[in-house]
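K.L.:
One structure, pasted below without further comment.
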């Protein structure tokens, strides 16, 4: 039996009440042989009691004890050369819930379909809207005008929302909002992201030549729930990315965001009881819309940038079979 070397430089950081990140260094030869990692969080004073009892094949006819102990399985996703890393939290049974690093996310299409069903239950009735809008600081739009040829360019999505979302750190896009105030039918005058707002007619981004995908459903320890959708022009690189990973929605008939023809015109509606975050996967020229300053407040506390999902919420969490 050929043993693996002992992991070195073990670090645990990014610790919150429900999650953590652990990383370690390994010999290059060992890293190439490892397919899964197991971690024992139930450490005992007697070191011998922590030995892992399961045997894993290295694919070459040799079995070995895994040096890290017992725990729940996650797919290996090494970070850098000769290193391993994982992020996880704690389940009801006290075991580690380990998640893989990109590009092997937890949520497959069937998991996202479960999440979509949960989101549909609270979506509420559909309200009409006419514009998508994006709030940012004045400096952002100045940079777009001076250095980007007046074009907002897609950027890599952050790690906000569900830990297993296939879009986090993988999909390039531009975030837009479309929610309206119930009493006015207009976008709210407050924003978490800045006092300057770019508004663009809805049909510029959403029309029969656009595909719509469901990407995520989450909350941040509040009563508000967020639904992340992706708008991708048909045949674009963003469309091809989403087609393989995300559930596609019928643009005329779904619970979140619709585009339909009524009396010869395109009519747009959004779900009333969810906050929609819409990712558009292509560049957008500022000349296609209007830029102005909002009259309300900048509510920084409502920002979802790198927001962590509440793992205890029964409304927006699913089991992924681990």
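Backbone N, Cα and C atoms are what each Cβ position is placed from, and that goes for glycine too.
Annotations in TrEMBL come from automatic prediction, not curation.
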K.L.:
For which of the residue intervals 12-48, 49-85 does TrEMBL record region 'Disordered'?
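P.N.:
Per TrEMBL, the stretch marked region 'Disordered' is 49-85.
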K.L.:
Restricting to the domain 'Phytanoyl-CoA hydroxylase-interacting protein-like C-terminal' (106-322), report the mean pLDDT as a whole number.
P.N.:
91
